[in-house]
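Structure first, commentary second.
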Amino acid sequence: MPINIPDDLPAYKVLTAENIFVMNQTRATTQRIRPLKILIVNIMPLKITTETQLLRLLSNTPLQLEVELIHMSTHDSKNVPKEHLLTFYKTFKDIKENSYDGMIITGAPVEQMPFEEVDYWNELSEIFEWAKTHVFSSFFICWASQAALHYYYDIDKYLLKHKLTGVYRHHTNQRKMRRKILRGFDYQFYAPHSRYTTVLKEDISSNPNLDILAESDDAGVYLVASKDGSQFFVTGHPEYDPDTLDKEYKRDKEKPGVIAELPKNYYLDDDPSQEIQVKWRSHAYLLFSNWLNYYVYQETPYDLSDLHERKK
């Protein structure tokens, strides 16, 4: 949260120059505060697991959030009880007249398919288009980041020779450290990945509306942001639980015809009989709290009905 200090205090200029969020008294006295409306579009098969992971990260701030969950009405979810969907989830049709301060779209295990062959692609495309005028800032995870880059910027994804799985070291783009999403980041940090496809750095770098903020020598581009902070694309899975990659590895070993790739830098000494090394938790909390605080809470209009005018 910001600190509120007098406008003319010497520390104000020093801290501002260090990229510390300081709120002057003039702004503090005119702030109006309300709960933030956050929409989670959950397209992961294990919806209960994913919603729990995301809510855990979102809860790690003093901000009050009102969270709504939706699923794809054009897709039959087989790994979640129907009662759970009926009780806790809505569909896009139910909420499309609403506006939201923030939206998160999860990953999905469909990256080996062309986008247009995914059975809910038309519905998801409608959400992408709707978000332009009804969501202040959007956060796309793994496959959703690739899908959103494709929809908004015509950036393609490419099939990897082998599944990328593990916990990889990343480095921040030090020329972009003044971007608020990177506040408090170490120059190097770890994050999980689990995917069969990738996007190319040169495709993103050539777009003047996008910034690459973090990447990995082994896993490629990780964190991309639109210049205006309305869109964030995360190619990995910072929300993963400690044992998620372990469960995926054991699941893949049971699938006939599937080569189960050992998650890299995950087990002690890369030995699956050894304990899991959790290296990404602090990064995940910081990433989500920075997004919520700097790009949602501090910037969104108090009256969400104003969002339509701002987004035109």
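Cβ coordinates come from backbone N, Cα and C, glycine included.
The model shown is predicted, which means the values in this text are computed figures rather than measured ones.
As written in Swiss-Prot, here are the features:
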ACT_SITE  C142  active site, acyl-thioester intermediate
ACT_SITE  H237  active site, proton acceptor
ACT_SITE  E239  active site
BINDING   K163, S194, R251  substrate binding site
SITE      E111  site 'Important for acyl-CoA specificity'
SITE      S194  site 'Important for substrate specificity'
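Rounded to a whole number, the C-alpha distance linking E111 (site 'Important for acyl-CoA specificity') with the residue listed as 'active site, acyl-thioester intermediate' is 9 angstrom. Separation of the C-alpha atoms of K163 (substrate binding site) and H237 (active site, proton acceptor): 14 Å, rounded to the nearest whole number. The Cβ of E239 (active site) lies under 8 Å from the Cβ of T50, Q53, L54, L57, I141, A284, each on the same chain and at least six residues away in sequence.
Looking at K163, H237, R251, the recorded positions in this record, the fewest other C-beta atoms within 10 angstroms of the C-beta turn up around R251. Surrounding the centroid of the Cβ atoms of K163, S194, R251, where the record places substrate, the chain contributes additional residues within 8 Å, namely T165, L245, E248, Y249, D252, A260, E261, P263. Rounded to a whole number, the C-alpha distance linking R251 (substrate binding site) with the residue listed as 'active site, proton acceptor' is 18 angstrom. Rounded to a whole value, the Cα-Cα separation of C142 (active site, acyl-thioester intermediate) and the residue listed as 'active site, proton acceptor' is 6 Å. A sphere of 10 angstroms centred on the C-beta of S194 (substrate binding site) encloses 21 other C-beta atoms.
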